[in-house]
Structures are given as C-alpha cells and as structure tokens.
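Record features, source Swiss-Prot:
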| type | residues | note |
| --- | --- | --- |
| DOMAIN | 9-202 | domain 'Glutamine amidotransferase type-1' |
| ACT_SITE | CYS86 | active site, nucleophile |
| ACT_SITE | HIS176 | active site |
| ACT_SITE | GLU178 | active site |
| DOMAIN | 203-395 | domain 'GMPS ATP-PPase' |
| BINDING | SER230, GLY231, GLY232, VAL233, ASP234, SER235, SER236 | ATP binding site |
Amino acid sequence: MTQTAHPDSVLIVDFGSQVTQLIARRVREAGVYCEIVPFQSAEEGFKRLQPKAVILSGSPASTVDEGSPRAPQIIFDSGLPVFGICYGQQTMCMQLGGKVESGHHREFGRAFLDVDKDCELFEGLWSSGSRHQVWMSHGDRVTALPDGFKVVATSSNAPFAFIADEKRKYYGVQFHPEVVHTPDGAKLIGNFIHNVAGIKGDWSMSAYRQKAVEEIRKQVGDKRVICALSGGVDSSVAALLIHEAVGDQLTCILVDHGLMRKDEAANVVAMFREHYNLHLLHVDASDRFIGELEGVSDPETKRKIIGRLFIETFEEEAKKLGGADFLGQGTLYPDVIESVSFTGGPSVTIKSHHNVGGLPERMKMQLVEPLRELFKDEVRALGRELGLPDSFIGRHPFPGPGLAIRCPGGITREKLEILREADAIYLDEIRKAGLYDAIWQAFAVLLPVQTVGVMGDGRTYEFVCALRAVTSVDGMTADFYHYDMEFLGRAATRIINEVRGINRVVYDVTSKPPGTIEWE
C-alpha cells in the first residue's frame with residue numbers, strides 16, 4: 001500500500017462488507033487509482049492519500065446498534081464528493097442528521113429501481129421514469145433524509161433507495177452497484193468518479209510500471225535483491241519488474257519441491273534464462289520435500305511441512321550467495337488489505353497459505369513488494385506490459401503446496417507421478433477443445449480410494465481420479481464448469497488408457513461455497 005499522497009485517487013472506507021474489494025475493482029476498471037482502508041484508520045488514510053473522492057462501503061453491522069462504525073468527520077468536512085453504498089448510505093444519513101431504523105421488510109437479492117428524478121450520476125445512463133435492475137442486501141433502511149438531500153429513485157421496499165445532495169456532491173444508494181447483479185452499477189460508479197469528482201481516469205499499467213521501477217531503484221539503491229520464483233504469474237511479474245529496475249543486482253531462486261505439474265519447473269527455468277536473461281538458480285529439493293511428506297495425510301500438516309522446508313531451503317541457498325539486503329515478493333493487494341472485525345476476535349483460518357512466511361525476519365532483509373497495490377487481473381495486465389506471453393499469463397492458478405494437496409491421504413513418488421500424468425492429459429484435452437480460457441481453474445485429483453475394474457481379460461484394483469473445473473471471477477466464489485458429456489468421456493478414456501494406476505474417473509460438481517476449489 002502506498003505511503004504517500006496519490007493524485008486523482010479515491011479512498012474506500014471499509015465497514016466490513018464481503019464485497020468491498022469489488023468496489024475497488026470497479027474504480028480501477030474506470031482507470032482511477034484507489035485504496036481500501038478500514039473505518040478504524042480511515043482518518044489517517046484520508047490524510048495520507050489526499051483523495052479526490054470517497055466511497056463508503058456496506059457492512060454486516062447495523063447502524064442503529066450502539067457502537068456501530070462511523071465514517072470520520074474529516075470526510076464530510078473536506079468538501080469532497082462522497083458515495084455511500086448500503087451501510088455507507090445509512091451512516092452518512094445518520095451522521096448528517098437523518099434517521100435510520102431496522103427494517104420490517106428486509107430486502108435481499110434482485111430488485112427493481114424506479115427513477116423519479118434526474119441526477120448527475122444518471123447522465124448518459126438513466127432518465128426519469130425508467131426502471132432498472134439492482135441487487136439489494138439490507139435490513140436497516142433510511143426513514144428521514146438530512147437537509148439538502150432528495151430522493152431520486154425508489155424500490156418497492158426502499159423509499160430512499162437512491163438519494164442525492166447535488167450541491168455537496170453526496171450520493172447514497174441502498175443497493176450494491178459494485179456487484180455484477182446490478183447491470184449498470186459499474187457505470188454509476190464511473191459517473192461518480194469522472195462526472196461528479198472530475199477524476200480523469202488515466203491510471204494505467206504503463207504508468208504503474210514506470211512508477212514502480214522508479215520506486216524500486218530508490219528503495220534498493222546499489223544493494224542486492226533475491227526473489228523466490230515459483231513459476232506462478234505473481235512471482236514472475238514481480239521478478240521481471242525488479243529486474244527491469246536493478247538488473248544484475250537481482251538473483252532469483254526457484255525451489256523445485258517435486259510437487260509441480262509435468263515439466264513445469266524445466267519450462268519456467270528455460271523461459272526466464274533464455275528470454276529474460278535473469279540470474280536464476282534452480283534448486284532440486286524434491287527428495288527433501290517428498291521424503292518428509294511421505295505418509296503424511298493431514299492437509300494442514302502437509303502445508304506446514306512444505307512451508308517450513310521452503311523457508312529452510314531458500315535460506316540455505318541465499319546464504320550460499322553471500323546473502324542479500326532485500327527480498328522480492330509477489331504480494332498482491334488483497335493480501336495486504338486489513339480485515340475489519342467488530343468483535344475483536346480472529347478470523348477463522350480455512351487453510352494456511354504457503355508463502356515465504358517469516359523469511360524477512362529470519363534473514364534480516366527488507367521486503368520489495370512491487371505488486372502490493374494491484375489485483376490479480378491487473379498483475380496479468382502488467383505481465384503483458386512487461387512482455388510475458390499470454391500462454392503464461394493466462395495459466396490457471398496453481399497452489400503453493402502444489403500436487404501435495406491434490407493427492408489426499410499419504411503422498412508417495414508413485415502417486416505423484418500418476419497424478420502428474422493424469423493432470424497433463426486432462427489439461428491437454430481442455431486445450432484441444434478450446435475450453436482452457438473459459439475455465440478459471442482445472443485440475444486432476446488422485447483419491448486415496450481403489451476400485452475394482454476390468455482391463456483386457458484381467459481384473460484391476462487401482463486408484464480413482466477426480467476431475468475438477470470451475471468458473472469464477474476472483475476465486476472467492478466459484479461454480480463447477482458444465483462440460484459436455486462427450487468431452488468428459490474423451491478425457492476419462494484417455495486417462496484410464498494412458499495412465500497406469502487409474503481405472504476409474506469421476507467429475508466433481510461442487511460449487512464454492514459450500515466446497516473450496518482445491519480439495520485440501
């Protein structure tokens with residue numbers, strides 16, 4: 001997160017909504033830089049960023065409860081345009097003298113908005129007398145407006161669904177314009193940013209690249225940087241950006257834990273050495289990792305072993321180089337946004353995340369994180385800007401622990417080889433069918449289950465392979481991909497015929513939630 005003022009930016013105050021990041025994505029899509037700050041530190045964030053407009057997010061809290069969160073008064077004293085969404089609308093009204101009460105008719109899901117009056121946010125989009133679909137999710141509702149506000153649109157259960165004080169440039173909506181279920185929502189946010197706040201929208205990956213390179217050079221000076229290269233998009237883009245800034249002062253280390261997809265480590269090493277002239281060390285630590293993982297079935301234990309061994313191996317290799325002053329990481333913006341809690345309790349850990357963990361503290365290095373202001377889609381755009389091929393940028397996400405968490409139960413080299421071959425065939429069939437780019441993530445899972453089969457004249461007793469494919473926008477929610485049955489038949493037949501050790505293939509039709517994308 002940037003530590004200084006950012007010209008032509010938007011500040012998003014987060015009250016704990018599950019979709020606050022979508023607001024930021026819509027602002028970025030409009031070509032404008034923005035930052036999310038939790039309400040507890042919003043005043044500090046406002047002073048630091050010096051934005052040109054403010055958006056107040058939704059929240060699971062109720063504005064009528066004692067101690068419920070509020071926007072800092074400095075926002076309303078600043079004279080800047082403010083857009084309140086759902087809870088953001090309610091707290092804005094309460095803080096400016098209006099009234100809110102718990103609704104007797106809660107409104108969740110699709111609703112229709114009737115436009116009563118024209119307003120600046122509707123320019124080129126909506127007109128008086130028109131009706132539009134929106135997405136509601138609220139219990140409380142505004143019952144009396146502050147001075148200066150007027151109602152510009154209503155719904156059947158929300159008489160103050162869209163309000164405006166055009167003199168002060170304050171706008172509030174009871175629905176969620178940031179979600180895709182509000183078809184014109186992104187355009188409404190764009191109108192607020194461009195038409196009301198007067199922000200041009202010239203923030204681009206080219207401009208970000210130039211700024212990031214300058215900041216890396218200033219931070220690193222003539223010191224050395226090491227970077228853990230996994231072969232994923234995030235670490236690869238971070239490495240290329242750091243290399244552009246400091247050249248041979250960067251050394252990348254690829255720790256091959258033996259849990260990658262077929263030929264993946266070799267292909268990554270070849271690409272970076274041949275096309276980008278990076279100083280890259282390829283460390284084959286597969287015996288070390290698989291030796292400790294063999295027989296381990298608990299997924300959390302697997303992740304912790306992999307994380308510990310990664311740190312130990314990386315640390316050993318870095319010391320052989322004589323150490324470094326900086327550690328480069330592909331940390332993204334969603335990783336650094338502070339979570340908002342109303343209870344003070346910790347969030348539930350669904351899965352431990354595998355990354356470089358405690359390396360900076362252990363090795364007394366400072367972090368270089370050139371992607372920490374970007375979302376995943378922006379990292380891909382930056383990768384294209386840096387010259388990475390689309391075939392690499394568009395690869396499906398791959399977990400840090402690799403095939404270890406796609407092999408439930410105990411791990412052996414034999415199982416990993418069986419899984420690696422099945423996965424390669426599955427992905428090959430997806431590419432042949434022209435489906436790869438339509439799917440967010442696809443992979444094979446080797447189940448710790450054996451079943452009876454018949455091949456030729458003999459009886460078999462071999463493993464079951466599960467195929468998984470999902471569609472998603474950001475990985476937060478996902479639906480299983482609806483394949484044609486002929487495709488599944490082709491993929492299953494090839495896997496059974498070509499992979500020794502598998503005699504049955506099944507397809508996973510679980511969405512997220514209730515399931516997760518990965519099996520472990």
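Even glycines carry a Cβ here, placed using N, Cα and C.
Sequence features annotated in Swiss-Prot and their locations in the structure.
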{"residue": "CYS86", "record": "active site, nucleophile", "DSSP (3 states)": "coil"}
{"residue": "HIS176", "record": "active site", "DSSP (3 states)": "coil"}
{"residue": "SER230", "record": "ATP binding site", "DSSP (3 states)": "coil"}
{"residue": "SER235", "record": "ATP binding site", "DSSP (3 states)": "helix"}
Spatial neighbours, same chain, of SER236 (ATP binding site) - Cβ under 8 Å, 6+ residues apart: LEU229, VAL268, PHE272, GLY330, GLY383, LEU388, PHE392
Between HIS176 (active site) and GLY231 (ATP binding site), the C-alpha gap once rounded to whole angstrom: 37
Per-residue pLDDT averaged over the domain 'GMPS ATP-PPase' (203-395), given as an integer: 84
GLU178, SER230, GLY231, GLY232, ASP234, SER235 screened against CYS86 (active site, nucleophile), Cα within 10 Å - retained recorded positions: none
Same chain, 6+ residues apart, C-beta under 8 Å of the C-beta of GLU178 (active site), given in sequence order: VAL19, LEU22, ILE23, ARG25, ARG26, ILE85, GLY185, ALA186, ILE189
Least buried by Cβ count (within 10 Å) of the recorded positions CYS86, VAL233: VAL233
In the chain carrying SER230 (ATP binding site), residues 6 or more apart in sequence that have Cβ under 8 angstroms from it: LEU254, GLY400
Output field, ATP shell: CB within 8 Å of site CB centroid, site SER230, GLY231, GLY232, VAL233, ASP234, SER235, SER236 dropped: LEU229, VAL237, ALA238, GLY330
Lowest local Cβ density among GLY231, GLY232, which the record lists as binding-site residues, within 10 Å: GLY232
Residues that sit under 8 angstroms from ASP234 (ATP binding site) by C-beta distance, when 6+ apart in the chain: GLY330, THR331, LEU332, LEU371, LYS376, VAL379
